[in-house]
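Below is one structure, written out as C-alpha cells, with a few remarks after it.
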Amino acid sequence: MNIELAQVSRWYGNVVAVNDVTMTIGPGVTGLLGPNGAGKSTLLHMMAGFLAPSGGTVTLDGTTIWRNHDVYRSIGLVPEREAVYGFLTGRQFVLSSARLHRLPDPEGAAGKALALVEMEGAADRRIETYSKGMRQRVKVAAALVHDPAVLLLDEPFNGMDPRQRMHLMDLVRSMGAEGRTVLFSSHILEEVERVAQHIEVLVAGRHAASGDFREIRRRMTDRPHLFRVRSSDDRRLASALIADASAGSVSLTEAGLEVHAVDFRRFTRLLPRLARDADVRIWQVSPADEDLESVFSYLINRSS
Amino acid sequence: MNGVIAEISYRALLGRRRVWLLVLLPAVLLALAVLLRVVDAGGERAAVMLLQTFAVGTMLPLLGLIAGTGVIAPEIDDGTVVHLLAKPISRPVIAQTKFLVAASVVAVFAAVPTFAAAYLLIGLESGVASGFALGALIGGVAYAAVFMLLGTVTRHAVTIGIAYAVIWEGVVGNFVPGARRFSIQQWAQTVADQVSSSAFLTTEITLGFAAAALLLVTAGAVVWAGQRLRSFSLTGDE
C-alpha cells in the first residue's frame, strides 16, 4: 500500500511546521530523517490520522486518512510517547489490541505478536514494571497484532539498549522485506542508514532530500567540511595547505587553523602527508561542523 | 458499546487509588445520616436538607466530575487514548462506551448511597428516598456526560469542572433565581420532587423543562464528545 502526501502543509497559528511536502511512501522501509523540531512527528501524525493537514491531502491508496477510522485495518501505529496502560500486563495490552481489531483468534494473534518482539518471558508482568525498551517492544507488538500492511513508527529506537535496538532493526527490516510499507522517523543518520532502503529528509518543515540512502550519504559526505587543526607549527602547515586545491580557505586563529575543505576525501588524505613533508606535528584535527544541523542545512541550500 | 474499551475504562477508573475518591463522598453522606439518626435530629425536614445540600448539591457534581473526566481525561493526558483511537472503531462508539462506564459508576457511587442515607433517616416516608435516588441517578448521568465532554475539550477539565460545580451550581444556582433553570442540580431536585410527596421539598422548575433539559444536555454532550474524538489530534512535542 502507498501513503501519498500531496502538497501537504501544516501550521499552528503563524508557525509553519510542515511546508508543502509531496512524497509517496511505498512498500519497503522508509526512514524519515531530520533534526529535532524538523516536523517529522507532525508529518507522521498526519499519515497516522492524528492530525489534519492545513493544506494538501494525505491518502492511503487513494482514501483520505483524516477522520477515517477504517484506515486502521491497514495501519499499525507505534507512537513516540509511552502510551501504555501500566495496570495491564503486556499480554493483556496486546490482547486488547487484537480484540479491538475484532480478530478471529485474538489470543493466538497476541501470542504471535509477543513472540515476534521477544516479549513472551515478561508478557504476564504488569507494564508498569517494564523498562523503557520493553514498553517500546510491547507497543510494537500491539501495533503488529493485526498484521497491518502499513506500519508507522515514531522514533522507535529511542530508549532501547543496543541489543534491543538491533533486534527491532532486524524486525523492521524483515517487515519491509515482506512487502509491507514501513515508515519510521529518526534524527540519527546511522539508524536510518542501517534499516531503511529509502530516505526522506525533512529540515525545518521542508522536504530537503529523497532517495536511496547511499546517494544521500554520498551527498552528505561530499559537502564542504570545516576542520579545526592544531599542530606544532600552524603557520607552516597553513602555507603548505593553501597550495593545494582541496583546501578552499585556511585561516589562522588563536585556537589553531580553520580549514575549509572543498574535497573531503582528498583533504583527509592530503593533511597527514603534507604535515609529514613539512615536518609539522599534528596534535588535533576536529570537524567544526559535523552536527546534523549543518549537514541538513547544506542539503537544504543545495536543493533550493 | 465496546466491551474491551469498557473493561479498560473500568479498570482505569476503579483501579487503585482513584476508587477511594469515589468512596469518600458517599461515606461522608452515610456518616452524616448515621450521626443525625444517633443524635435523634432526624425527621423528614433534616433528611431533605441533607439530601438537597450534600447529596445532590455537593456529592453529585463532584462524583460526576471524578467519573466523567476520569474515563477520558487521564488517557488523553498521557497519550494512552491513542491505543483505543488507532483502531477500526467509530469514535462516537468509543465516546458512548466511556459515557456508559462513567454513568454506571455515578449510579453506583451516588444514587445508591443517596437512597441508603434517606432510608437510614426516615425509611420510605413520603417517597423521599426513592425520589432523591432517581434524581441523583438522572442528574448524575447528566453530570457524567457533561464532564466527559469537558475532558475531551480541554486539558484543564478538572479545574474548570470544580469551578463550574462550585460557582455555577453552588453559588449562582442557589442565589440567582434565573440561573436555577440552567442547573443540573436543580433539574435533579425537580425529578426528586416529582416522586416525593414531602412538603419540605419545593422546586420551581417544571418537570417538562427539567426532563427535556436533562435529555438534551446528556445526549448533546455524548454526541459532541464523539465528534471531539473524531478530530482528536496529536500535536507532538515539536
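Using N, Cα and C of the backbone, Cβ positions are placed for all residues, glycine too.
If you look up TrEMBL, you'll see B:19-39, B:45-66, B:99-122, B:128-150, B:157-176, B:205-225 marked as transmembrane segment.
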Task: Long-range neighbours of the transmembrane segment (B:205-225), counting only residues six or more past its ends (CB under 8 A) - done: 72, 92, 95-96, 98-99, 138-139, 141-142, 145-146, 148-149, 151-152, 180-182, 184, 186-187, 190-191, 194
Task: Ranked first among B:45-66, B:99-122, B:128-150, B:157-176 for CB pairs under 8 angstroms with the transmembrane segment (B:19-39) - done: B:99-122
Task: Close approaches to the transmembrane segment (B:99-122) from elsewhere in its chain (Cβ under 8 angstroms; 6 or more beyond its ends) - done: 1, 6, 9-10, 13-14, 22-23, 25-26, 29-30, 32-34, 36-37, 42-44, 46-47, 50-51, 55-56, 59-60, 63-64, 67-68, 70-71, 128-130, 132-134, 136-137, 140-141, 143-145, 147-148, 222, 225
